[in-house]
Amino acid sequence: MFKRTRRLRVNENIRSLVRETFVNRMDLIYPIFVIEGENIKEEINSMPGVFRYSVDRLPEIIKEVEEAGIRGVLLFGIPEHKDECGTGAFEDDGIIQRAVRRIKEISDVYVITDVCMCEYTSHGHCGIIEDGYVDNDRTLEYLGKIALSHVKSGADMVAPSDMMDGRIRKIREVLDEAGYVNTPIMAYSAKYSSAFYGPFREAAESAPKFGNRKQYQMDPANIREAMIEIENDILEGADIVMVKPALAYLDVIRWARDKFNVPIAAYNVSGEYSMIKAAAKLGYIDEESAMMETLTSIKRAGADIIITYFALSAIHLIS
Ligand code: PBG
């Protein structure tokens, strides 16, 4: 005797009855790039179908997001001026601050802001440089200011992506002191030093001008260390923790899911998106199937939340 497991695969009716994992539109967060200027909606070369919007054109994409039934967006700012200390990141009329206010005027979509300095610093690193090294503790002061200015502008949640030690504690303190005790923090906890961020750095003009990010982002070879990062962030006050990228780190998502009880987010990053787009364009793979297989695998690995540039394309294929 052998077991006929194929019985439960004979048609879509039975396959859907026994299906274990579903991606829902409620799981998805859509990242949006906001750029200085007026009347801009420009496609990002390396990310077909993804655009940079000026603040005045944001309502268009927000309307699309709402119509798609997506509940959350994650904002990235591309400022006009950069300096050594990334001061543009916490200006009252900075790009993100204005973007958040504009979105909040027209929509109640949940607005999350990426808290980092690399788009705002002239050297492109995620913090303050001291003798060629990103100075951890000086950077914390800035991260606190940036997070607070986003929240003051109306951000519902902040997502620090810098990978400095102690940033979650610092940001939590600053927000609490200012009375924002109910504003959650989604920490990019296990953020790896990855080649898959390439298209994003083009999109956000945030590639480091010297060196790389290996002194603060994690070594792709390490998973136990990822658990330490996540544990630290939870102890410091993170409400949601993130693994990033997603696809090459499904095991990290699974370990995190099994070890911790907070919601887990996974970032299906720019390179993962562009890889599928490019291969599909060349006719090497079927875009929709590859997209759904990817999103399903991230969910199956244990992610509660998936941040993905595919959010708007995926909603036609999910419930
Ligand atoms: C900022 C940041 C990056 C991404 C999200 N926040 C780039 C980086 O760390 O170099 C990458 C997102 C993506 O690739 O889609 N630090």
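Backbone N, Cα and C atoms are what each Cβ position is placed from, and that goes for glycine too.
Annotations in TrEMBL come from automatic prediction, not curation.
What TrEMBL records for Lys191, Lys244 is active site, schiff-base intermediate with substrate. What TrEMBL lists as Zn(2+) binding site is Cys116, Cys118, Cys126. The 5-aminolevulinate 1 binding site annotation in TrEMBL covers Arg201, Arg213. Residues or ranges marked as Mg(2+) binding site by TrEMBL: Glu229. Annotation source TrEMBL lists 5-aminolevulinate 2 binding site at Ser270, Tyr309.
Features per TrEMBL, on structure.
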residue: Cys116; record: Zn(2+) binding site; DSSP (3 states): coil
residue: Cys126; record: Zn(2+) binding site; DSSP (3 states): coil
residue: Lys191; record: active site, schiff-base intermediate with substrate; DSSP (3 states): strand
residue: Arg201; record: 5-aminolevulinate 1 binding site; DSSP (3 states): helix
residue: Arg213; record: 5-aminolevulinate 1 binding site; DSSP (3 states): coil
residue: Glu229; record: Mg(2+) binding site; DSSP (3 states): helix
residue: Lys244; record: active site, schiff-base intermediate with substrate; DSSP (3 states): strand
residue: Ser270; record: 5-aminolevulinate 2 binding site; DSSP (3 states): helix
residue: Tyr309; record: 5-aminolevulinate 2 binding site; DSSP (3 states): coil
Quick one: of Arg201, Arg213, which of the binding-site residues has the smallest count of other CB atoms within 10 A? Arg201
Only counting partners 6 or more residues apart, tell me which same-chain residues put their Cβ under 8 Å from the Cβ of Ser270 (5-aminolevulinate 2 binding site). Ser46, Met47, Phe196, Tyr197, Gly198, Pro199, Phe200, Ala203, Tyr309
Determine which residues of the same chain, besides Cys116, Cys118, Cys126, have their CB within 8 A of the center of the CB atoms at the recorded Zn(2+) site, and list them by sequence. Gly86, Met117, Glu119, Tyr120, Thr121, His125, Gly127, Ser161, Asp162, Ser206
Cys116 (Zn(2+) binding site) to Arg213 (5-aminolevulinate 1 binding site), Cα to Cα, whole Å, comes out at 13
Quick one: which of the binding-site residues (Cys116, Cys118, Tyr309) have their CB closer than 6 Å to ligand 1? Cys116, Cys118
Report, in whole Å, the straight Cα-to-Cα distance of Cys118 (Zn(2+) binding site) from Arg201 (5-aminolevulinate 1 binding site). 9
What recorded positions in the list Cys118, Cys126, Lys191, Arg213, Lys244 lie within 10 angstroms of the residue listed as 'Mg(2+) binding site', counting C-alpha atoms? Lys191
Taking the Cβ of Cys116 (Zn(2+) binding site) as centre, how many other Cβ atoms lie within 10 Å? 27
Counting distance between Cα atoms, which of the recorded positions Cys118, Cys126, Arg213, Lys244 is nearest Lys191 (active site, schiff-base intermediate with substrate)? Lys244
